[in-house]
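Worksheet: one structure, shown below.
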Amino acid sequence: MMVLLKKVDWVVQGDKMRLVFLGPPGAGKGTQAELLKKRYDYNHISTGEVLRQEIQKNTDLGKEVESYVNKGELAPDEIVTKIIKKWLKSLNNKKGIVLDGFPRNLTQAEYLEEDFSVDYVLYFDLEENEIVERLSNRLYCPQCEKFYNLKYNPPQNDNICDKCEKELIKRKDDTPEAIKKRLAVYNKNTHPLVKHYEEKGSLIHIDASKEIDKVFEQVLERIGLEETKI
Ligand code: AP5
């Protein structure tokens, strides 16, 4: 079956929106953002991914944030806001934008609001037991950075990337201790943003417990794009 993606005429141009993906660790923010990038050519930045790349390259910035990221704590606001500022400056503004994992606290939200307008904040809601299940089973390819899940989205061959045939590895912050810490940090610092954006009228609720394709259908519908199956 071929799937065609079609714009709905009567809504805002969904393929050029400025979106924030908010939600607990492992809710599928990165998975959905990558789908928007692949299928609708969105610009996608994951602040977590940028920080992990800096750590891998052993840059000064990487050295500075390594212990925060690996333990599941937030990196300092000054560092993350600098990354976002540089990225936003470098963008092709004709495309849609997904900020994945930024803002993550009220200070970062206020920083963003100073000179960037967000159309919608998509809140990926998922229960804690499912979060732990997803993160404990997550693996990724160190070469192409594609994410897999041993339970829900496994590679074709055991622990080997379908694309580059590299051995898949676990993220350093997907240990039981770091997952626990990330959840606590999320509940204390990031979850208050749900109310913040609700009050601003820009929050869209996404039920992240469904299968990947079903969650993507919700995303498309909420931002005004629809998928047509022929
Ligand atoms: P970051 O990389 O942003 O991690 P996170 O927010 O904890 O989110 P994850 O990447 O773990 O999960 P996700 O929601 O993207 O889920 P995914 O699609 O992978 O941040 C890492 C660290 O960087 C932070 O802890 C912090 O230290 C630092 N950092 C980042 N931003 C910062 C900021 N703004 N300020 C300060 N510090 C910052 O999916 C998870 C798994 O589930 C995968 O295996 C996937 O295949 C599977 N899956 C996805 N969707 C589904 C589905 N619908 N059904 C079944 N399985 C699914």
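If you go along the chain as it appears here, the first residue is 1 and each next one adds 1.
Glycine residues also receive a Cβ, built from the backbone N, Cα and C atoms like all the rest.
Look at ARG138 (ATP binding site): DSSP puts it in a strand. Counting every protein chain shown, 20 other Cβ atoms lie within 10 Å of the Cβ of ARG138 (ATP binding site). Annotation source TrEMBL lists ATP binding site at GLY26, ALA27, GLY28, LYS29, GLY30, THR31, ARG138, LYS210.
According to DSSP, PRO103 (AMP binding site) sits in a coil region rather than a helix or strand. The AMP binding site feature in TrEMBL is assigned to THR47, ARG52, GLY101, PHE102, PRO103, ARG104, GLN108, ARG171, ARG182.
According to TrEMBL, the feature Zn(2+) binding site maps to CYS141, CYS144, CYS161, CYS164. Cβ neighbours of CYS144 (Zn(2+) binding site) (same chain, under 8 Å, six or more residues apart in sequence): CYS161, LYS163, CYS164, LYS166.
Positions annotated as domain 'Adenylate kinase active site lid' by TrEMBL: 138-173. Long-range contacts of the domain 'Adenylate kinase active site lid' (138-173) within the same chain, counting only residues at least 6 positions beyond its ends with a Cβ under 8 Å from a Cβ of the stretch, are 26, 30-31, 49, 52, 69-72, 179, 182, 211-212.
Look at TrEMBL and you will find 46-75 tagged as region 'NMP'. Under 8 Å from some Cβ of the region 'NMP' (46-75) lie the Cβ atoms of residues 25, 29-30, 33, 83-84, 87, 99-102, 104-105, 145, 171-173, 177-182, 185, 189, all in the same chain and six or more residues away from its ends.
TrEMBL lists 137-174 with the feature region 'LID'.
Taking H, G and I as helix, E and B as strand and the rest as coil, DSSP gives the region 'NMP' (46-75) the counts 22 helix, 1 strand, 7 coil.
For GLY101 (AMP binding site), the nearest of the binding-site residues GLY28, GLY30, CYS141, LYS210 in terms of C-alpha separation is GLY30. If you take the CA of PRO103 (AMP binding site) and look 10 A around it, you hit none of the binding-site residues from GLY26, ARG138, CYS141. Mean per-residue pLDDT, taken over the domain 'Adenylate kinase active site lid' (138-173), amounts to 93.
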